[in-house]
């Protein structure tokens, strides 16, 4: 066979790329040598740097498998490295260095947060329109998952007021014609699982930057509006009222119209609990003024620590005390005096995958219709959850001097929501109040969440019979004191002084969230933010400088297709409004790039200037801009290196040469 090849014939002898070799095993890319012998026969000697390949076919399949094995081995060796494991599972970074002192600190912090989250979980379930035990179902799985995947030592995941309201809006309040606990559970669990999927996908694809398109004023307005909606929604429990609407405006109307139906015992219990919670919160945030030259005694330090612990556990103290009062009233024959939580299902929730269908008697609503009903909630709920978690994490990372991996946080929250859906949880996110407690208690690692979750499980298995006597008014007081601190009024003064456009977006978001609904208010706010972001692009700032017979136009903020036509119109308008012989210089010193639409606008401006006898010169273009102008093939367009060159050229009335290419007087870029 080799004798049929001419001398020095170039053939395909060895592969350049293993992939190409597998896809086309009969093609070879290296030059082969034909070594002729005395009798005229030749031997084909094609080689690759790794091994020889047989042109006759020989061992092609075996070599192909070897290449595949090699590629898989290299991929695995690069993927499953110690550094990759440490980045994916942050627990691998701190667990080998874990000490007994850290265990003590994490245990104290974890139990303290647990005492806070148990009454909050029972209360927040009311906002989500779910039975109280679902607040506890939501409070433990996220703690376990975040311990493994979380990058912040301070963040605690679990139920929050905003997520509870989102669950009611996009989950449990849907399909009001179906009245069953299973409907509410199914909708909440679907929302949790889908939120986790979207959050995890966002983290894997590194799309966390999307949350940056929601401006701080919009987030602040949404949070304040949600806090006011939640607080007003709990007034009914504080007063012992029934059948109050859930939307803000009808809620306020119904509450005011039913004030004569107020139950005195509920009102008294609620007001007392509210006052006590505020006083206990003050104990937790108390700042002691010590003489810097005198160290407090050990007794003083112990007393202050006890006071702080009492303030930190204020929710639990008030709720337990209120339950004791309710039990005492019942023993005295006043069982109906105070509205109590009632029976709570004891024990752990079943561990099972979420169901995506609803059943109403003999009618089954398919998953496609359920997801369509949730609609914008599939985007809003995970987005708000991510914004809350990352904002809280960054705040405490700055305070405690460590770095927060935002992408890893997306993964952690996503997996936590997905796993929580298997235990009948509604969507979770980071809690600012509990994270603050966690940090102030001295937590050192995310392991503190294990103790928090363990305490919640203990409460579910042992303490649920005692939750029967917890007054609804006491839980309402817990919610109101928690959400009122979310309302930020000082930002209005700050934005008035700093940027009134940001203040406008805040006001629009706040009003729309209250009047139209928080689900639409946040969308309107995001739209307003994007419009404010895009307006300078569509209407770029332009500086006009006039000299005798000359108009210098300088775009300040770059030039892209939304603002290209605006620049074209304004430039021609200013030039025509000036003296008859006014020429135009387009100073491009602030333009680092432009798109093809901007090039076409400059081409159109050049043609219009020629029609009116106006000369146009472009100056100070960077290489990228010059390249685009050349690609635009603008005939007779003059481009100069500097502004002074353009001015000098106009002063001697130089028309410049004609040509299809952009012409340069000085050095070509």
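Here the Cβ of each residue, glycine as well, is placed from N, Cα and C on the backbone.
Residues annotated as domain 'STAS' in TrEMBL: 540-650.
Taken from TrEMBL, the feature transmembrane segment covers 187-207 (among others). Beyond its flanks by at least six residues, the transmembrane segment (187-207) meets 128, 130, 134, 167, 170-172, 174-175, 354-356, 358, 370-371, 374, 377-379, 381-382, 385-386, 407-411, 413-421, 424-428 of its own chain at Cβ-Cβ distances under 8 Å.
Residues or ranges marked as transmembrane segment in TrEMBL: 264-280 (among others).
Taken from TrEMBL, the feature transmembrane segment covers 306-329 (among others).
Listed as Cβ neighbours of the transmembrane segment (377-397) (distance under 8 Å, sequence separation of 6 or more from its ends, same chain) are residues 151-152, 154-155, 157, 160, 162-163, 166-167, 169-171, 191, 194-196, 198-199, 202, 208, 210-211, 214, 219, 222, 371, 403-404, 406, 409-410, 413-414, 417, 427-432, 435-436, 439, 519, 522-523. Under the heading transmembrane segment, TrEMBL lists 377-397 (among others).
Residues annotated as transmembrane segment in TrEMBL: 409-428 (among others). Sequence-distant contacts of the transmembrane segment (409-428), counting only residues of its own chain at least 6 positions beyond either end whose CB sits under 8 Å from a CB of the stretch, comprise 88, 128, 130, 134, 137-138, 140-142, 144-146, 149-152, 155, 157-160, 163-164, 166-167, 171, 185, 188-193, 195-204, 208, 348-354, 381-382, 385-386, 389-390, 393.
As annotated by TrEMBL, transmembrane segment applies to 448-468 (among others).
According to TrEMBL, the transmembrane segment annotation covers 475-496 (among others).
Taking Cβ pairs closer than 8 Å, the transmembrane segment (508-537) reaches residues 165-166, 169-170, 213-215, 217-218, 221-222, 224-226, 228-229, 247-249, 376-377, 380, 384, 501-502, 557-558, 560, 562-563 in its own chain, all 6 or more past its ends. Annotated transmembrane segment per TrEMBL: 508-537 (among others), in sequence order.
Through the fold, the transmembrane segment (475-496) approaches residues 119-120, 122-124, 126-127, 161, 217, 220, 223-224, 226-228, 230-231, 234-235, 237-238, 270, 273-274, 277-278, 281, 315, 318-319, 341, 432-433, 502-503, 506 of its own chain, all at least 6 residues removed from its boundaries and within a Cβ separation under 8 Å. Mapped onto DSSP classes, the domain 'STAS' (540-650) shows 50 helix, 24 strand, 37 coil.
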